[in-house]
Amino acid sequence: MTHQITVLKSYKQPLTFDDVWDVDEKSKTKTLLSNFEKYMLGDLQKARRAFQKRQQKNSQKNPGARLHGLNKNQSQSQDVLVLEETKKKKKDSGKTKDYPKSWLVKALFKTFFVTLLKSFLLKIVYDLLTFLNPQLLKWLISFANNGGAYIWVGYVYSILFFIVALIQSLCLQAYFKLCFLLGAKVRTTVLASVYKKALTLCNQAKKQYTIGETVNLMSVDAQKLMDVANYIHLVWSNILQISLAIYFLWQELGPSVLAGVGLMVLLIPVNGILVTKNRALQVKNMKNKDQRLKIMNEILSGIKILKYFAWEPSFKKQVHDIRNKELKNLIAYGKIHAVIVFLLYLSPVLVSVTTFTVYTLVDSNNILDAEKAFTSITLFNILRFPLSMFPMVVSSMLQASVSIERLEKYLGGDDLDTSAIRHDCNFDKAIQFSEASFSWDLDSEATIRDVNLDIMPGHLVAVVGSVGSGKSSLISAMLGEMENVHGHITIKGTTAYVPQQSWIQNGTIRDNILFGSEFEERKYQKVIEACALLPDLEILPGGDQTEIGEKGVNLSGGQKQRISLARAAYQNSDIYILDDPLSAVDAHVGRHIFDKVLGPNGLLKDKTRLLVTHSIHFLPQVDEIVLLENGTIVEQGSYNALLAKKGLFAKNLKTFIKQTGAEGEATVNEDSEGEDDCGLMPSMEEIPEDAVSLTMKREESLRRTLSRSSRSSSRHRKSLKNSLKTQDMFPPKKKEEIVKGQKLIEKETVEAGKVKFSVYMKYLQAVGKNLIFFIFLAYTINSVAFIGSNLWLSLWTSDSKTYNGTDYPASQRDMRLGVYGALGAAQGLFILIANILSIYGSKHASSILHKQLLNNIMQAPMSFYDTTPIGRIVNRFAGDISTVDDTLPMSLRNWTTCFLGIISTLVMICLATPVFVVIIVPLAAIYVFIQIFYVANSRQLRRLESVSRSPIYSHFSETVSGLPVIRAFEHQQRFLKHNEILTDANQKCTFSWIVSNRWLAIRLELVGNLIVFLSSLMMVIYKGSIPGDIVGFVLSNALNITQTLNWLVRMTSEVETNIVAVERIIEYIKVENEAPWVTKKRPPEGWPSKGEIQFNNYQVRYRPELDLVLNGITCDIRSSEKIGVVGRTGAGKSSLTNCLFRILEAAGGQIIIDGIDISSIGLHDLREKLTIIPQDPVLFSGTLRMNLDPFNHYSDEDIWKALELAHLKSFVSGLQLGLSYEVAEAGDNLSIGQRQLLCLARALLRKSKILIMDEATAAVDLETDHLIQTTIQSEFSHCTVITIAHRLHTIMDCDKIMVLDSGKIVQYDSPEELLKKPGPFYFMAKEAGIENTNSSTSF
């Protein structure tokens, strides 16, 4: 009954998430997973043993195959290891890796054995009943032809017809429900297992998968297994149905059946060959799809860089090229598929033609009469289903086999081996390394070599060393993330970990800091204060309830770093492992954090702290210093001891102090009151540590509400939510009014109600009008031929009365055969034509939609990316596009054939017995009524299902990227639990959808059964006036109609649910665009030649509903002047660069460069002429060359010259592949310093007149920093350079300094002038210990 209520409710108003009832305990993710794991462990163990045996055999064949082409010291840095990795990957890809095989299916079978058994029994009952129908039909025909039969016999037959059909319906629907639920459970089990595995997978196995590929395992492969579970019983049921059908046909027509059956058997291998061909294409296409999504992921992650450099066309072309390959394959696939369908269609026709032909030719006494012909036709129709399903079952089995292989490989991978990390609560030292050697990969050399190190409880130990000396590796080894070579590490107590690239979850700031712990007000306040987060929480629109986007997109690097630190400080652990947590913060904030958190008097003063750092001025205050070089400890001891020793440490320190004298002093004579007055507002443009994180840091989205004036007024504005007029899936909490700007990520809209007609039109337009006409024409001709052949058969059978078997003229017989055969052939031919046309049509549509989607997304303004999670955009390119490619065209084709099939059946019945029209009308009404109800329900459930699916994937990719942190805090269980909750939420929608399908099917089959019942009643009532051949003709078609009706509704709802993909794509095709890339007005050749920039009363805001960030900026920058821009967080420094590139459009005023107003020309004309060295060094996967010059504008010499100036020449020429060396996703195989230098090389290549530097040197050690500064001074001396500074000493030699505050220029003059009179700059300089321009030791 509950379902009735829901169905009614969903018809009146669209369902929301709360209307859907929960899954029962047995089907909850947790239960399913624990059942599965019982069996999985045993089977996997067996498979592993078999695998080891195979390995031993192989290793005897080819001993010793290892590759080392690197000299000792080079292999130390992690970058080079990754290089080695990629080379090896190339070599290995020739021979596929072996892994434990064929255990997954066994384990799943054992887990779901009971369900399989129940559905097996139901299916058998159904199959046997199917064959009662032709027998009943036979009796009815003989009853009609037998004048003397009693009338009650006819009624009994009719009622029997009805009862048999009813039992069949109930069995079939119960069976379907079980199968589909089984499918859903299998999917859930796979999802949960993959998630759980991801938490424990070892590094070597993890390296083989990008995040995208792992998410694919969850989305695509789990789905494939779900599909195959639905069809699993058809394997045996098809064989049973075919053999029974042949047996009954033999009863009717004797040995002539063999001719028909022989033909069917012949078609099977032909089909098999075609299916395998298609499978190969499918695999190829999966590869293309992976490739395309990988590029899309990177484009979206690095979209800001693409916009700065005007590189969109190059990347667009890359995607289009892959897409074209994909479409080519789709067409090939479609054509083969069309041939398969053609053969399927032909087979029953051919079979009946050959059988009847042979039957009448073998013996002149054999005459087709109505009984024989129509009973056989019904049997052939029964045969048609298993025969047509067979290839589908086979192909879904094959697809699932690919997925099973992929899953077995992933789930059977080795777990992290943490045996070398020993936890001992009664140990006297906090951490002890004994002879420890670790490597990133078992085949390569150790990165950490023979380290012996004792750390006492409560000590603060600093780890220092140059870039690539193995500092981070040392920490990874402690956390158990590396492969142990020999030795071990003993740890006493729990650990907390702050990574170098901070990992932030999508959620509120408070959630990120609590990280699953209980909230304690006092402790929380203490931690927030110590981590210098108070000023940020004041600025942020929602305080600590502000939502953070995926990967922390709306926080600056420093804020992410401090939240990451606060998370660790809040957990009460024994040992704190800190990987350079001060790299992303300003000097004075760093000082504060050191004093309040890490230092001798900080929050953590009684804990053991291991601190990797580049900041030398904290070293005097630590208990012990460890100096690493090439993965070994060179020196260790206290600060004074090491200085006295005059070793490597003392030598390095000297050179550094020379360079950064000023800052060193600055930190010593700071007084704390002064510090608090200036409000520790950390700079928002601090260098992001997050260079590896795929997402570009977008400060914009944060600084929307920064201007202080807005802070008070913003509290009561209308919330963002109100502007989203769709019904929200999760009702908002009543108590807290959402502050403007607090919600960053808008809820994914769930469209409600019917899919608009315009969406269908849009799709059909994309297919093309002429094509649609011809496709429909071909389908119609096919239906006409179908009606024709049936009528012809009934005429043929009436011959048996006329000629009574003795003198059947051969000419008559041949004519009957010939026409029947020709009509049959015509049916097949036109289906083939229609299908091939529709393949071209749908390919055309996919190509157009993808093109429009890509073009539009690439031209969307930056604000769109700030408010839309990447996952949601990628989802359009992955799920929705693949629906438009594969599923939608299939559904549309099937719908058309079903629809026309039903129409033609009804036409035939009405031709034979016109009275039938009276019955059709009410039945059609009931039918349409049910259909309308159901579709509303199904469509909304499908929408809820896909909306509840996205969080599973985004939570998963978040987990994969934060694994080291989750493992270090030992929070695996909490994340598993969260994954279970998300999966169950998705499951409940899937389950309801399945049940609603069955609800519908039962009611529809009833309508179909009534049609059969009533038409058979008609035959009995009009007994005298209707001859047997007509009875056969009508009933054999009526029997066929039930199934077809069922399919029609299924197809209608499938088309509806799949067209939603088009709806979602169109939603993004309609996204507002930024200004055009190129306009009619082009700037003159060689512009800007001087590089003069004028701001005239310039104003800008991030989004229309927010306040101005720059408020009336007016200034002139002369040709080749060097300008430094300073100001506290939120003063609008980065907004200034964004305005020059028109990432933000003016709200008033103008910017003029060399006499041209930049808003009057196209974006690309503008952006190609400016150069920026951005804060985050973002790289894309592809060759080094492509990263420097995606359009191939420059010669190799130019590129080598730029690399030389960027001090990378020796590194790149040392690589085997040189410029064509493959950069990994997000540049993971280069160190952050190297990435920064590559960004410098990009700028050197472009040689534009205006250079903007978003000061980007904190991720780099001081030497590299020095290199960058000198290069810029020499190479860009003739350019206008605008530097956004965080450390004052880098801009003391600028010609002028611009001081911003709250979006206005408060001072603009040369540094000498500004230092003379007290003012904002003077105080900043004083704070940094800069008295006059000379005291800043300019480089």
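Each Cβ is built from the backbone N, Cα and C atoms, and glycine gets one as well.
Residues 1006-1024 are the range that TrEMBL records as transmembrane segment, among 170-188, 1006-1024. Within the chain, the transmembrane segment (228-250) has long-range Cβ neighbours (under 8 A, six or more residues past its boundaries) at 116, 119-120, 123-124, 127-128, 130-131, 134-135, 175, 179-180, 182-183, 186, 257, 260-261, 355, 376, 379-380, 382-383, 385-387, 389-390, 392-393, 396-397, 399-400. Here the transmembrane segment (338-362) has Cβ contacts under 8 Å with residues 249, 253-254, 256-257, 259-261, 263-264, 267, 270-271, 274-275, 278, 368, 373, 376-377, 380-381, 383-384, 387-388, 391, 789, 813, 817, 820-821, 824-825, 827-828, 831-832, 835-836, 839 of the same chain, all six or more residues outside its ends. Remote same-chain partners of the transmembrane segment (771-797), defined as residues 6 or more beyond its termini with a Cβ less than 8 Å from a stretch Cβ, comprise 349, 368-370, 373-374, 377, 764, 816, 819-820, 823-824, 826-827, 830-831, 833-834, 837-838, 840-841, 844, 896-897, 900-901, 903-904, 907-908, 911-912, 1028-1030, 1032-1033, 1037.
Across all of the domain 'ABC transporter' (1093-1327), the predicted model scores a mean pLDDT of 82. Most Cβ pairs under 8 A with the transmembrane segment (107-129) among the ranges 149-167, 256-276, 1006-1024 are made by 149-167. Residues of the same chain lying 6 or more positions beyond the ends of the transmembrane segment (256-276) and with a Cβ under 8 Å from any Cβ of it are 246, 249-250, 336, 339-340, 343-344, 347, 350-352, 354-355, 357-359, 362, 366, 380, 383, 387, 390-391, 394-395, 398.
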